[in-house]
Amino acid sequence: MSQEHAGRSLPRTDIMQLFSTKTRPLNVCAPMVRYSKLPFRELVRRYNCDIVYTPMILADVFASSNYARECEFSTNILDDPVVIQFAASNGLDLANAAELAAPFVSGIDINCGCPQKWAINEKIGSHLMSDPETVRDMVRQVKARVDVPCSIKIRIHRDLRETEEFVKRALSVGVDFITVHGRTRRQKSTEPVSLEGMKLVKEVSTVPVLANGDVFTMQDANDIVDATGVDGTMSARGILENPALFAGHTVTPWECIEDYIDLALSYGTNAFIFHHHLMYMFEKTMSNAERRTFNSLTTIPAILDYLEEYYGLDISRRRVEKAEQKLKRDTNK
């Protein structure tokens, strides 16, 4: 694991204390393959995001390969609280991976929701929604090996009685909190989430519950909390399009875009991810003609040149302003 801290572990926020002392529903950034990397995690924290997840990581590969650990999970002291999400088909692989990651995270999450066909074929992700005993064993083994919270991210079943039984089995072995995506594994993202299903999970749970799905604005988040009683909401597509969602912005503000560019350049982000993040952020503000031109760009210099010419991007000026603001804050302490 790549990290900027010299010690063998990092100080991390106690997520369970965060739940117990919250004065409002928590705002959470979902695990997103390719996109929940360190620069984006730091970005959303600047915009009122309380907990941030890593992308889904294959537990067996993470546990067996130092190269994979270096590539899949980089962190630092600012990356807090962070939950690492693993996909696994058995408790041993998961526990081995969890033990390696535990000193650097605030929580270990088990992916029981990925609906992609390849994941189901590998008996990971949403395949686990039909195998509650394996999930029970995963939670049990992780909790026996590490002292950070262990959570599960699930989907609902068509028959909500199955969801209730699934949740109760996980609770019986001490799962610490639960995230429920309000769709079945076969439903498309264009179908509305089941508020009934998410409410049921909250009602039968003795631990905190987060709701995931259809959170594109703060109003969406508030409406879901009001309807289900959950302890917070998690956003994926919404926060990808608008990383300032939880700060109340309805579209991505220019300042947020500048922040992302600065962070991505500072940490070193490949051109594909850099470009795609910006494509999502500009989705609602660029005209169709602008998007066609911008989406055709293939290199970071070309992207920066375009934004400098048409949007007045000036990263050097921004860095000076940020440094001056920090100096002023430090002086006033």
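Glycine is no exception: its Cβ is also placed from the backbone N, Cα and C atoms.
Residues or ranges marked as domain 'DUS-like FMN-binding' in TrEMBL: 29-287. The average pLDDT computed for the domain 'DUS-like FMN-binding' (29-287) is 97.
For P31, M32, V33, Q85, K153, H181, A236, R237, the entry in TrEMBL reads FMN binding site. When other Cβ atoms within 10 Å of the Cβ of P31 (FMN binding site) are tallied across all protein chains shown, the result is 27.
Other Cβ atoms within 10 Å of the Cβ of C114 (active site, proton donor) number 23 in total over all chains. According to TrEMBL, the active site, proton donor annotation covers C114.
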Check: C-alpha of A236 (FMN binding site) to C-alpha of C114 (active site, proton donor): distance in Å?
Finding: 13
Notebook entry, point to check: When neighbour density is defined as the number of other C-beta atoms within 10 angstroms of a residue's C-beta, which of the binding-site residues K153, H181, R237 has the lowest density?
Noted result: R237
Checklist line | Number of Cβ atoms other than its own within 10 Å, given for Q85 (FMN binding site) | finding: 25
Notebook entry, point to check: What's the most sparsely packed of the binding-site residues M32, V33, A236, counting other C-beta atoms within 10 A?
Noted result: V33
